[in-house]
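Record features (TrEMBL):
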- B:ASP97, B:HIS205: Mn(2+) 1 binding site (BINDING)
- B:204-208, B:330-331, B:379-382, B:SER386, B:405-408, B:LYS481: GMP binding site (BINDING)
- B:HIS236, B:HIS330: Mn(2+) 2 binding site (BINDING)
- B:HIS405: active site, GMP-histidine intermediate (ACT_SITE)
Amino acid sequence: MKNYELIEHTADIGIRISGKRKEDIFINAAYAMLDIMVESCAIDSKLKHSLFVKAADIEELLVCFLNELIYLFVSKEFLPAKFKIIKVNSKCLSVEVSGEKFNPKRHKLKTEIKAATYHNLRIEKNTAGYQTEVIFDV
Amino acid sequence: MAEKKSLEKIDDYRWRIPESLAPGMRVPGLVYANEKLLQAMEEEPLKQVVNVAHLPGIVNYSLAMPDIHWGYGFAIGGVAAVDIEDGVISPGGIGYDINCGVRMLRTNLREKDIKDKMRLLIETLFSRIPSGVGSRGKLKLNRREGAEVLHKGAQWMVERGYGTAEDIEFTEEKGRLAGADSTKVSQRAMERGAKQQGTLGSGNHFLEVQIVEEIYEPEIARVFGIEKGAITVMIHSGSRGLGYQVCDDYLRIIGGAVHKYGIELPDRQLACVPINSPEGKDYFAAMAAAANYAWANRQYLLHLTREIFANVFDATPGELGMGLIYDVAHNIGKFEEHTVGGTKKKLFIHRKGATRAFPPGHPELPVRYKACGQPVIIPGDMGRASYLLVGTEVAMTETFGSTCHGAGRVMSRTRAIKAAKGRAIHQEMEKKGVVVRTEGRNTLAEELPEAYKDINDVIDVVHQAGISRRVAKMKPLGVIKG
């Protein structure tokens, strides 16, 4: 089930995400990023990480959340599988992320994402819910 | 968007975007391109040139090189010089891969010497130089050593025996940007960097074995130590995870301070603060540290390359004549002296996807290159060619001593993957006489030669416009990519 579409961007990769609730934007963006980073495969959810992110506004919150996941992946080799949002408002996000340690035998890496960028970032609210675009530097 | 329509032709290679196009522009845009490149150009990078012209303190022009393409915030292939008194520093104007750059080394080998060993050479390079997503370096640095690298750059590697004094002499800034402070680099950035020192990386990073196909300026080529038919090596890499994290950390810090300084910007990714502000100074110190990490990284990769050549050809690097021609940064910010309106001024130059191209006689040049100018190394795509150029006086007066940095993408990665579907890119490359080894599954498709502009067009523009001059053209023989 794909909750995002890829945006044609010359040098980098972008995603367009939408969701009924604010929470969906965060979760769908995380899954989209994961799809860009690794080949689709089964990821166990036996390890848990609690993330707490604070930011000046909801856009920054989204970028920080995604970059937090990149950091966890690169430094702790933690590959997320599921996200449970405990709390979200426009300035803070609390998520329980479950996943497992990266295992090169089972997980195939696809693209190295350097970071999620702030380029033209705006989370918009419309009648159907929320939508936004994120450009990643790859 | 009307950026393309608004372009005013100055001559066949220069186009102006008038200041009147958008209300907040402080200077005009100046785009180096020919008709062909311009026609293929998208609106977005031009819009980004316009956005950069909004930066407080920007001097003369928001500059775009012919390899310009759509980036985030700043276009890739841009130069922005700002006044240090009232100008700003912007992490987005340097990019996530701080001091991504290229180094080129000569050898005294000829095609006949490597013909039978090419496959072995590429296999050995591929197996011994860590590359690809998630690769780990063999160099294990403790915390203290990690911090030392950030202060000393390539010089740290040479002190440890991974290179020679000559390597330092022939590296931009002697491989060590002054003003670095490791205490301004976050623990996270240090952590990301610790495991990746001495790795090539992925995406467009590569190590390429080449042959000099053509010499345009024999005198200068002689000074650079190359001639037609010689085998050369090019290494393209940067500051790895450490640099990405530094950029991300400071985008956040600086993004939060923009309003404090009353700065209005058309795109959040352009976040900037006055150079002399505490946030600006801290970012510079951390950026310089990341730049030094990158120079150390390329120095170690050079060391590995020499070891591998020595093994494969059963001779010492000295016997193989493996000297460094030069090392250039193409994502960096630096304090430099330039002449503005007839007077010498200290400026801060953002180069994002642009290469320094200093002219003959510049005090920053090593003695050997003083009379001819700075070597400028421009990699092309893996199928066509790369170039060695030389810096000029025109660059000094027009572009703050800068020129292009590569071919520049024309196709998105997803489009390139689609274009490569059903094709055996490996074999296509072999037919062209290029042996390729890649780590990532999609790398070969994403890096398809036609995903890039024709490097020959890009070089023609910078050469004809005079912001650097062609010295030699190299053809790829073997490539390893992440």
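A Cβ is built for glycine as well, from the same backbone N, Cα and C atoms used for every other residue.
Any TrEMBL annotation is an automated prediction that lacks curation.
Fair warning: this is a prediction, and the values are worked out from it, not measured in the lab.
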Among B:ASP97, B:HIS205, B:LEU207, B:HIS330, B:ASN331, B:HIS405 (the binding-site residues), residues with Cβ under 8 Å to chain A, listed in sequence order: B:ASP97
10 Å Cα neighbourhood of B:HIS236 (Mn(2+) 2 binding site): matching binding-site residues from B:ASN204, B:ASN331, B:HIS405, B:GLY408: B:ASN204
Nearest-integer angstrom distance between the alpha carbons (Cα) of B:LEU207 (GMP binding site) and B:HIS330 (Mn(2+) 2 binding site): 16
Euclidean distance between Cα atoms of B:HIS330 (Mn(2+) 2 binding site) and B:ASN204 (GMP binding site), Å: 13
Nonlocal neighbours by CB distance (under 8 Å) for B:HIS405 (GMP binding site), same chain, sequence gap 6 or more: B:MET65, B:ASP67, B:GLY77, B:HIS330, B:GLY353, B:ALA354, B:THR355, B:ILE378
Helix, strand or coil at B:ASP381 (GMP binding site) [DSSP, three-state]: coil
Cβ neighbour count (within 10 Å, all chains shown) around B:HIS205 (Mn(2+) 1 binding site): 24
Spatial neighbours of B:ASP381 (GMP binding site) that are distant in sequence (at least 6 apart) but have CB under 8 A: B:ALA407, B:GLU447, B:LEU448, B:PRO449, B:ALA451, B:TYR452, B:ILE455
Assigned element (helix, strand, coil) containing B:GLY408 (GMP binding site), judged by DSSP: coil
Count of other CB atoms lying within 10 Å of the CB belonging to B:HIS330 (Mn(2+) 2 binding site): 30
Around the Cβ of B:ASN331 (GMP binding site), the count of other Cβ atoms that are within 10 Å: 28
Fewest Cβ neighbours within 10 Å, where candidates are the binding-site residues B:ASP97, B:ASN204: B:ASN204
Set of same-chain residues at least 6 away whose C-beta sits under 8 angstroms from B:GLY408 (GMP binding site): B:PRO66, B:ASP67, B:ILE68, B:HIS69, B:ILE76, B:GLY77, B:GLY353, B:TYR452, B:LYS453, B:VAL458
Rounded to the nearest Å - Cα separation of B:ASP97 (Mn(2+) 1 binding site) and B:ASN331 (GMP binding site): 7
Rounded Cα-Cα span from B:ASN331 (GMP binding site) to B:HIS205 (Mn(2+) 1 binding site), Å: 14
DSSP-derived structure type at B:HIS330 (Mn(2+) 2 binding site), helix or strand or else coil: coil
Cβ neighbours of B:LEU207 (GMP binding site) where a neighbour is any other Cβ within 10 Å: 26
